[in-house]
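Enquirer: Pasting the feature list from Swiss-Prot:
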type    : residues                                               : note
BINDING : GLU132, GLU213, GLU221                                 : Mg(2+) 2 binding site
BINDING : GLU208, HIS271, GLN272, SER273, ARG339, ARG344, LYS352 : ATP binding site
BINDING : ASN264, GLY265, ARG321, GLU327, ARG339, ARG359         : L-glutamate binding site
BINDING : HIS269, GLU357                                         : Mg(2+) 1 binding site
DOMAIN  : 15-100                                                 : domain 'GS beta-grasp'
DOMAIN  : 107-468                                                : domain 'GS catalytic'
MOD_RES : TYR397                                                 : O-AMP-tyrosine
Amino acid sequence: MGYSPSDVVKLIQEKDIKFIDFRFTDTKGKEQHVSVPGHVIEEDTFTEGKAFDGSSIAGWKGINESDMILLPDPDSAVLDPFMDETTLLLRCDVIEPATGQGYERDPRSVAKRAEIYLKSTGIADTSFFGPEFFVFDSVTWNIDMSGCAYKVDAEEAAWNSGKEYESGNMGHRLGVKGGYFPVPPVDSAQDLRSAMCLAMEEMGLKVEVHHHEVATAGQHEIGVGFNTLTPRRMRCKILKYVVHNVAAVRQTATFMPKPVVGDNGSGMHVHQSLGKDGKNIFAGDLYGGLSEIALYYIGGIIKHAKAVNALTNPSTNSYKRLVPHFEAPVLLAYSAKNRSASIRIPYVNSPKARRIEVRFPDSTANPYLAFSAMLMAGLDGIQNKIHPATAMDKNLYDLPAEEQANIPGVAASLEEALRALEADHDFLMKGGVFSESWLEGYLDVKWAEVQTLRVTTHPVEFQMYYSL
């Protein structure tokens, strides 16, 4: 990328770009957009921005103070491969007109403040993330006064092994927890994932790997390579956009953590490391080849994990994944290579690649907020020398109950995570990265989600209680 405003204007002219799509991210992490004709974009657009109504975005402005500005980032310019008309995407900061500064509740502005705070420490941040997702052939749901229900289906799902198809049932299906990772024809989505990866590469991402994941019914993972803080979050948005749109040709993709009952859920494993003066300061001669700084970083994440869960696992559905027996990282421990721990130290060939993998996040997270929160927790651990105690090299899933009781766990529900965030958020406020205004708006949005589920009768309640 590396575009300047003049580069973007030149690109619009050279490529005869018809439309510019201004994109920004709301509190929940969903991208929003507004399009303008390409010919109206001038260099001044990148300093003056475009006005919009902020009162329509949940958790933001009231109608009495709704004017806001979208300020496009020229360095984010990328052609959209899915639009019929030639369209250039520009991701935007949301600006407060009264101050000319990034809006306190704008997730992208939060991420930029985190980057500024990180630079003030003289440290750099890199990461690799691997989101998991499902691709279904169909999905339906219904919620009204007469009842509620949902239904997902995928031809490759284990439950379709006895289904009659017009062209015949060819078998070759994945069993429950059997998706990791046989070759085609059992893996029926090799070409689909390849098409996704090619589109991601076209949009500037560096794809590291793709494969079928553990669950039946079309669970997959695509890993995207290391990069610095703000571009990483932008790449996460591109990845989700590509997955949704490539799948939408004939199917439907979801990043919900637990759309299928009885099989593994989908996470977003985030690999992180810190560097200073060109050196990886996570590399050392302590446990797992880590430095003392890396251990303190882990200690900060473990200490603040339940509050961080409110941002890394911000949906009620997140906690249907974070339960025992489905390879979910529910215990706050760290270990070299051990995937049952919530923080893993992967094997690497060189100390330059030394990193940690935080395994509890999922892709309902707003990446601008989630990655910033993990960073702030880790930096707090370094600043306060929070040691994470002894590493756990045992299979944590097989520990007796009395041993498990001595290991802290992630939040068990969104409600618990929000309570933790209410009580433990000072580490987020350092350097003005997050603010009390942001916290108020975020909690309003998320408590409303908790309340929606709380007052909605669930079908399984009929199974448990109808005949009592």
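All positions are counted from 1 along the displayed chain.
From the backbone N, Cα and C atoms, a Cβ is placed for every residue, glycine too.
On this model, are these features tucked inside or out on the surface, and what's nearby?
Expert: The Cβ of GLU213 (Mg(2+) 2 binding site) lies under 8 Å from the Cβ of GLU132, GLY179, TYR180, PHE181, GLN219, HIS220, GLU221, ASN264, SER266, each of which sits 6+ residues away along the same chain. The DSSP secondary structure for GLU213 (Mg(2+) 2 binding site) is coil.
Using a 10 Å radius centred on the Cβ of ARG339 (ATP binding site) and all shown protein chains, the other Cβ atoms total 15.
DSSP classifies GLU357 (Mg(2+) 1 binding site) as strand under the three-state reduction. Taking a C-beta cut-off of under 8 angstroms and a sequence separation of 6 or more, GLU357 (Mg(2+) 1 binding site) has the following same-chain neighbours: HIS269, VAL270, HIS271, GLN272, ILE343, ARG344, ILE345, PRO346.
Across the domain 'GS beta-grasp' (15-100), the model assigns an average pLDDT of 91.
Spatially close to TYR397 (O-AMP-tyrosine) yet at least six residues away along the chain are PRO324, HIS325, GLU327, SER340, judged by Cβ distances under 8 angstroms.
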Enquirer: Just the number: how many Å between the Cα atoms of GLY265 (L-glutamate binding site) and SER273 (ATP binding site)?
Expert: 26
Enquirer: Count the other Cβ atoms sitting within 10 Å of the Cβ of ARG321 (L-glutamate binding site), across every protein chain shown.
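Expert: Around the Cβ of ARG321 (L-glutamate binding site), 25 other Cβ atoms lie within 10 Å.
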Enquirer: Between SER273 (ATP binding site) and ARG359 (L-glutamate binding site), what is the CA-CA distance rounded to a whole number of Å?
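Expert: Cα-Cα distance, SER273 (ATP binding site) to ARG359 (L-glutamate binding site): 14 Å.
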Enquirer: Might you list, by sequence position, any residue in that chain lying six or more from LYS352 (ATP binding site) with a Cβ less than 8 Å away from its Cβ?
Expert: ASN280, ALA283
Enquirer: Since the record lists GLU132, GLU208, GLU221, GLU327 as binding-site residues, which of them has the fewest other Cβ atoms within 10 Å of its Cβ?
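Expert: Looking at the binding-site residues GLU132, GLU208, GLU221, GLU327, the Cβ with the fewest others within 10 Å is that of GLU208.
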Enquirer: Within 10 Å of the Cβ of GLY265 (L-glutamate binding site), how many other Cβ atoms can you find? Include all protein chains, please.
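Expert: A 10 Å sphere around the Cβ of GLY265 (L-glutamate binding site) contains 26 other Cβ atoms.
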